[in-house]
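Worksheet: one structure, shown below.
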Amino acid sequence: MKQDLARIEQFLDALWLEKNLAENTLNAYRRDLSMMVEWLHHRGLTLATAQSDDLQALLAERLEGGYKATSSARLLSAVRRLFQYLYREKFREDDPSAHLASPKLPQRLPKDLSEAQVERLLQAPLIDQPLELRDKAMLEVLYATGLRVSELVGLTMSDISLRQGVVRVIGKGNKERLVPLGEEAVYWLETYLEHGRPWLLNGVSIDVLFPSQRAQQMTRQTFWHRIKHYAVLAGIDSEKLSPHVLRHAFATHLLNHGADLRVVQMLLGHSDLSTTQIYTHVATERLRQLHQQHHPRA
C-alpha cells in the first residue's frame, strides 16, 4: 500500500508539472486516489493488479453510498489520469480505466441575480469606510469582469491598467486573458486606490490589489463572507447566493443584452464553449420580452 501511495505522489508531481493544476484540485485528487488505494488494499488488490471491473465497482459503490455525482465525476477523472500515467510510464501494460462509464451529472443552472438585485448588492457597502470601499471596488470589478473569486483575490497592482481600462487575469491552467473593466469599475478602483488601499496597508509594502485588514492576500472564504454580509443588507435571498453569484450575473446579463456566446466564453476564460452554454437559459427571458414587445398577439 505504501508503494501505491508513493506512486500517487509521483503522479501528482508529474500532473502539477504538466498541467499546472490548482492546489485545491491536486489535494482533491490526492484524497480520492488515496481512498481508492485503501479500497483496493482491503480487497487484496493494488494499482498493478486492479482491473476495469474493480474500478467500476468502486465508482458504483461510491454513488450508491451517497457520493454526489460531481464527486464521482472527479474521482473518475483522477482514476483515469492516474492509470493513463501508469500506462505511459510502463508500470502497467494496460489501462483498466479506458472504458469506465461516466456517472451522469445533473445539469444545474447557475444561480443568478436580476439586474435590480445586483444594483442593490453593489450599493450595500458604506463607501466612507476604507474596508467597505475596498469591498465596493471588489464587487464592481467582479460584476464588470466576471472573474472567478480566486482570480479576484489574487490580483496584483501590476495586473490592472486604469489608463487602458483592462485587467490581466491568470486563470485556470495558467491561461492569461485581458478583460475590460468599464467606466464604473475604473472609477471605483481609482477611488479605492486613493482613499482605501493606503489605509489597509498601513505602511506595509505588498503588491496585492485587494489586501485584507492585516495587509495580506485575502482568502476566497473571507470574500465569500463579505458577499453574504452585503447580500443580507441588500435584502437578497440566501437561496440565490453562491461564491460566483456575480460571475453568473455577469454572463447572464451580457447574454440578456444580446452579447455573442463566444465573446462571453472569452471573457469568462472558459476553454470549452459548452461550459458557457449553460448560461443561455437566460435567453428565454429576453426572447419572451421581445415577443411581448413586437408580436401582434402577445
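Cβ coordinates are placed from backbone N, Cα and C, and glycine is handled just like the others.
Copied from Swiss-Prot, the annotated features are:
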ACT_SITE  R148  active site
ACT_SITE  K172  active site
ACT_SITE  H244  active site
ACT_SITE  R247  active site
ACT_SITE  H270  active site
ACT_SITE  Y279  active site, O-(3'-phospho-DNA)-tyrosine intermediate
DOMAIN    2-87  domain 'Core-binding (CB)'
DOMAIN    108-292  domain 'Tyr recombinase'
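Of all the active-site residues listed (K172, H244), K172 has the fewest other CB atoms within 10 A of its CB. Counting every protein chain shown, 22 other Cβ atoms lie within 10 Å of the Cβ of R247 (active site). Looking at H244 (active site) and R148 (active site), their Cα atoms lie 7 Å from each other.
Helix, strand and coil counts under DSSP for the domain 'Core-binding (CB)' (2-87) come to 70 helix, 0 strand, 16 coil. When other Cβ atoms within 10 Å of the Cβ of R148 (active site) are tallied across all protein chains shown, the result is 19.
Across the domain 'Core-binding (CB)' (2-87), the model assigns an average pLDDT of 88. Here the CA atom of R148 (active site) lies 10 Å from the CA atom of K172 (active site).
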